[in-house]
Each structure stands twice: as C-alpha cells, then as structure tokens.
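Student: The following block contains the structure, expressed as structure tokens.
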Amino acid sequence: QVMPFMEVYERSVCQTREMLVSILDEYPSEVAHLFRPSCVTVLRCGGCCTEESLTCTATGKRSVGREIMRVDPRQGTSKIEVMQFTEHTECECRPGSTVNNGKRKKNPKEGEPR
C-alpha cells in the first residue's frame, strides 16, 4: 500500500510526537534501581525541517508525572511512585548544530591529507 504524498509530508514535519524515553536515560543516577516499565511515553519534538541547517527544537516544555514501579533488588522491595518527565508542548525549526545521522558534518577538507 502506498501512502499519499500529503500524508507523508504531514507526518514528517517538525511537531510534537509521542516517543518512548528510557527512565535511566532521564534519571542516570538511579542505576541501583529497576523500573517497571523501563521506559515511558512523552511528547517530544521530532521531524524534518525544510532546510538542513535547521533543527526541530522544543520552544515550550512542561513537567508531567508518570506512575512507575521502583524496584530495589538489594532490599527486595518495590513501590509505585510518581516520577516527573519533561514533555515538549511546542516545536519550531531553528538554527542549530548541523547533525547528520547523529554525527557532526565534517568540513569537506577536514581529515584529508594536506
């Protein structure tokens, strides 16, 4: 099945979208605990901008709570608690670092023998 151009375009633009984030990525100091689930959904900015020099950037944020089970394997205990996560509310394409597949773009002459 082929998705029509306008639907492809509308889905790809810079906007908030539901994404999974790892709790340990958001709370790296909590490595002594296990979390269930280990990731949560939050709205985050993502998508393509019309120019490569622009980056889809959050221009509005808020804190949202998610109930998570925190397990302490050393003590054999667990409890459900509310943890806070940053959620994006607005996005814009703004000038930013030029990134290509997670790596900085190299100057064409960089790394070449002189």
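If you go along the chain as it appears here, the first residue is 1 and each next one adds 1.
Including glycine, each Cβ sits where the backbone N, Cα and C put it.
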Student: C14, C39: which one closes the disulfide with C56 in Swiss-Prot?
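Tutor: Checking Swiss-Prot, the candidate bonded to C56 through a disulfide is C14.
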Student: Can you tell which of C39, C45 is bonded to C91 by a disulfide, based on Swiss-Prot?
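Tutor: Matching partner in the record: C45.
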Student: Are there recorded positions among Q1, C49, C91, C93 that sit within 10 Å of C14 (disulfide bond), Cα to Cα? If so, list them; otherwise say none.
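Tutor: Near C14 (disulfide bond), where near means Cα within 10 Å, the recorded positions are C49, C91, C93.
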Student: Using a Cβ cut-off under 8 Å and a sequence separation of 6 or more, which residues in the same chain sit near C45 (disulfide bond)?
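Tutor: Listed in sequence order, they are C14, Q15, T16, R17, C56, T57, A58, H88, C91.
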Student: For the disulfide-bonded residues C14, C49, C91, which Cβ has the most other Cβ atoms within 10 Å, all shown protein chains included?
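Tutor: Per the Cβ count, the most surrounded site is C91.
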